[in-house]
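Visitor: Here it is, the structure in full.
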């Protein structure tokens, strides 16, 4: 394979593979009954042992006994109190225990593995110690930025991100010098597998192996194959951590095959849609009425930033063009634009230079832009889990938000029924008089 050749890139269509319906929280790895704490289920070998700290709600990050440099960075970021998932996972994870964690969008899962791995890391020049994999380029880029944010007082820590759609030669050049060789690698499975296979990236010193949005990678056969090959290139005694907002009963045993007696953490009952502070509505209308209704909503609603989801790259481009012609400050992010342009647009939106983003499901998972407080499903997704990930872009980390879904076909009505059944909610119709902005504006 030539180094310049673009490798496997997982497109929007592949991301639409329907997730299996999730059930209630599983029992522990040893078959022990799970330990329930409110809406938090904890199980696994460490859950009931003294000294594991599980269930002790720390009042601050200092209680985790993290490195001083990390605590300084956390303070700089303005974080005061850990989220529920951080309180449960971090004290056990820093003891080198494997972790399988499912928690809804916006609860701070990324910080769990970023802080844990940075705390444990002792950088050695020319050695990669931490490997983090995710299923899209945008998420890889964002995770790399999180590492940069929290390692600002750790000057010896080098982080690199590798994904398909960019020239492989650049990656090889970075890996060929001890001065630039990263101690932390973040990337997508296709590109990482190629670098390992071509012996450009060595994984023999890996101490932590992390999968973010693990169900998406282990659900799809070709991605799972890449993950397995990469896993086999790492040492047997590493720590394995996996995270996702949705973990079906079918996927959990697959995850646990990579692990040794993991701590299992499932926040909130799987069947409940609990995005706290997020108002959700639907609007019934014909396909031809969507543009007019969207225009009305963007004109009448107050919002900081809005993300509008559509079902294809072509529709994303067309809707973005239409919005710009109507003088709305819009941008489109989907797999139909070049990687360089995609990252540029993502940064433009994240830095608040644009307030409206039209996107496909490639933007539906894990992307964390705190100013988004309105999500519109111009096209309803194909399944309930995709709906959860999409609307979770608004109302991140406990803030308020508003989600509106257009329902225009019989198939949409079926998906709406599935959402209501899956999450045991009854989504109301959008009120004719609109919604008071104080209900969703922080």
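Note that Cβ sites are derived from N, Cα and C of the backbone, with glycine treated the same way.
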Visitor: According to Swiss-Prot, motif 'DECD box' applies to one of these ranges: 200-203, 204-207, 208-211, 212-215. Which one is it?
Guide: 212-215
Visitor: Ranges 1-29, 30-58, 59-87: which does Swiss-Prot label motif 'Q motif'?
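Guide: From Swiss-Prot, the annotated motif 'Q motif' range turns out to be 59-87.
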Visitor: Kindly state the mean pLDDT of the domain 'Helicase C-terminal' (293-438) in the predicted structure.
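Guide: 86, rounded to a whole number.
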Visitor: Using a 10 angstroms cut-off on Cβ to Cβ distances, just flag whichever of 104, 109 is the loneliest among these binding-site residues.
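Guide: Taking 104, 109 as the binding-site residues, the minimal 10 Å Cβ count falls on 104.
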Visitor: For the binding-site residues 105, 110, which Cβ has the most other Cβ atoms within 10 Å, all shown protein chains included?
Guide: 105
Visitor: With DSSP helix as H/G/I and strand as E/B, how many residues of the domain 'Helicase C-terminal' (293-438) fall in helix, strand and coil?
Guide: 63 helix, 27 strand, 56 coil
